[in-house]
Amino acid sequence: MNDPGLEDKIQDTATHVTQDLRDRAGSNSSREPQAGDAHTKSAGDAFREELQVDDEEEEIGYFAPQRWWFTSTAFPLVAGTFGPLANLFSKHKVNESRIHIGLNAASLILALLANVLLLFNFAHRVRYIIAQPLTISLWYLSSLLLIIPLALTPSITPPSNVSQHALSQSYYYALLSAILYGILSTLLLLHFIFSLPPFSAYPASFATLTIPQRTLMLQTISFTLYLALGAGIFSALEGWEFCDGVYWADYTLLTIGLGSDFPLQTSAGRGVLIPYTGGGILLIGIVIGSVRGLVLERGGVKMLHRQLVKERDRGIKKVKKRLGMETRGDSDEALKTEFDAMRQVLRRAEISRKYLSLGISFLVFLVVWFLGAMVFFFSEADSQNWKYGTSLYFTYTTLLTIGYGDLYPESNLGKPFFVLWTLIAVPSVTILISNMGDTVVAWVQKGTMWLGQRTILPERSLRSDTDTRSNPTDSRRTRIRTRLRQKGFWPLKSPENVEKAVHSEEAREVDEGAVPDPSRTQANGEGENKEIRGDIEKLGDAVETVEAERGQGGGIAARLAREIKLVSKDLGKQPPKEYEWEDWKRWMRLLSVSSDDNDGSNGRRGLDRVDGFG
């Protein structure tokens, strides 16, 4: 499940769904209230209000310092994601003692109640000041009720006819569950403490969590239930223990596919496998796509903002030093210097964000890989005589979901840890691969194109990639002209015949599928913005006509209309157009915000007050 392409589609779909909900909420808000829909109106109003404040909530987390971002946003997300998984682990009986079974059941009930309260807290159905302390207390109590039988189990004397005994998988599942309950309740406790005086670092609520972030808990609950359902069904069909069913369902849905330790033997099991894996892989793709989107997009924006602030401060110092003054100047030269410096700041911040994200994700990958190998080394050393190198090999092939099946955990500790470890490891690798797409993959593509242009593809234009991206049609025509010239066709023919030959060559490449149809590509890429541009141009023409009829053809309204028409032509361009200093200077003067129109005192936004330029 490491292919990031699927998660891109899922994330785009989720974004469209959220936007569709916003549009519906906006359209419904203008509907006249009717009799008999009081309940619907109140629910709709609540949802519309939630959507309206969603951007404000995200902005709170965006501008909060990074340490508070972790406590205000990351900690609740971790608790909401792993809480349902801890419930699944605690379902296993520690031992057959009635007292221990009662403690285990009480722990599970309290933990489920804590999850329900946390879910209602996320949805703003229960007040934070009430739900948060209860959730923390219930999870701590659930952990304690599990620790008691866990501590007493090793002291139980085995039957006299049993010479050797070992702790069961259920014991280790309960141990992992107790650890998770303790960690998650501690994270929520830190979130609660820092939201109260004297810290008051953020609102005493989950206000910093957006709707997609809160929805992640519902997705993990759905996946956990689906995992447990599959474990129960296949355990019954194949005659396995439920613990083994959870282990099998985990590596099946994650497409690791070890398979050699628990192969399906019955026809019923093989038949049920087809629909079960289809729905499960889709469900886990949604979860991994959400995690990836939250980490890469929202986390990346947060990281970009921090890098931008740091680079901007360095840029201000460099500009002041270059201009040789303590305060910023108001001359055109000083303003242009600031503008160029800000452009460099934006580029450096984006580069820093990419490589910092790559470094962090790679570090997480190494930690998950080496620490996971360490645990499997200790768990499988006695039963299978694994060396640390063997564990490294097994964990690496598992991380990449290769799943040869030649090695697999057999110990009662190895299987429960495998379930928890893979649910953490596979999304981590997905995030790493996505970050590599912006850096390492780009290097390989550029290196391949550079090598191809100078070896097996000499007819390709050696212009920069920037020129190719800015106008791919011109680049293709230039390449065709070069090829025709090398074949001796140029300049023996007339210009008209040369153009016909170029068009004919273009048509041949399109027919053969060597290049995409430029007209179709342009229509697909600009379809959404074409109508908007047309409306803006019509509006600009109408304003210019009215102003000309009034004798104010050079007035501010007519000038603004002309500029808006020009800018509208750049809508939808990929990559987005970056305007030059002269454009900004003209617009600032037009809007009376430059120093030339306001004596340098009004409306000026300099380098140290602006995060970036378009």
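Just so you know, glycine gets a Cβ as well, placed from its N, Cα and C.
Since we're looking at a predicted model, the values are computed, not measured.
For 1-11 (among others), the entry in TrEMBL reads compositional bias 'Basic and acidic residues'.
What TrEMBL lists as region 'Disordered' is 1-43 (among others).
The transmembrane segment annotation in TrEMBL covers 68-89 (among others). The list of residues near the transmembrane segment (68-89) in space but at least 6 beyond its ends in sequence, with Cβ under 8 angstroms from a Cβ of it, reads 60-61, 108, 111-112, 114-115, 118-119, 122, 139, 173-174, 176-177, 180-181, 184-185, 187-188, 190-191, 194-195, 201-202, 206, 208-209, 213-214, 216-217, 220-221, 223-225, 227-228, 246, 291, 294, 302, 416, 420, 423.
Sequence-distant contacts of the transmembrane segment (101-122) (same chain, at least 6 residues past either end, Cβ-Cβ under 8 Å): 76, 79-80, 83-84, 86-87, 90-91, 93-95, 128, 131-132, 134-135, 138-139, 141-143, 145-146, 148-149, 174, 177, 181, 188, 206, 209, 214, 217-218, 221. Taken from TrEMBL, the feature transmembrane segment applies to 101-122 (among others).
Counting only same-chain residues 6+ beyond the ends of the transmembrane segment (134-152), those with a CB under 8 A from a CB of the stretch are 83, 90, 94-95, 97, 99-100, 103-104, 106-108, 110-111, 113-114, 117-118, 121, 171, 174-175, 177-179, 181-182, 184-185, 188-189, 192. Positions annotated as transmembrane segment by TrEMBL: 134-152 (among others).
The feature transmembrane segment is assigned by TrEMBL to 172-194 (among others). Panel annotation: around the transmembrane segment (172-194), residues 68, 71-72, 75-76, 78-79, 82-83, 85-87, 89-92, 94, 104, 111, 118, 132-133, 135-136, 139-140, 142-143, 146-147, 149-150, 201-202, 204, 243, 412-413, 416-417, 420 of the same chain, lying at least six beyond its termini, place a Cβ under 8 Å from a Cβ of the stretch.
The feature transmembrane segment is assigned by TrEMBL to 215-237 (among others).
The domain 'Potassium channel' annotation in TrEMBL covers 223-291 (among others). Taking DSSP states H, G and I as helix and E and B as strand, the domain 'Potassium channel' (223-291) has 53 helix, 0 strand, 16 coil.
Here TrEMBL flags 273-296 (among others) as transmembrane segment.
For 355-378 (among others), the entry in TrEMBL reads transmembrane segment.
Confidence over the domain 'Potassium channel' (365-440), given as mean pLDDT on the 0 to 100 scale, stands at 91. Per TrEMBL, domain 'Potassium channel' is recorded for 365-440 (among others).
The feature transmembrane segment is assigned by TrEMBL to 418-444 (among others). Same-chain residues lying 6 or more positions outside the transmembrane segment (418-444) and placing a CB less than 8 Å from one of its CB atoms are 1-4, 7, 85, 89, 176, 246-247, 250-251, 254, 256, 288, 291-292, 295-296, 354-355, 357-358, 361-362, 364-365, 368-369, 372, 375-376, 395, 398-401, 409.
Look at TrEMBL and you will find 495-533 (among others) tagged as region 'Disordered'.
What TrEMBL records for 496-511 (among others) is compositional bias 'Basic and acidic residues'.
Annotation source TrEMBL lists region 'Disordered' at 593-614 (among others).
Residues or ranges marked as compositional bias 'Basic and acidic residues' in TrEMBL: 605-614 (among others).
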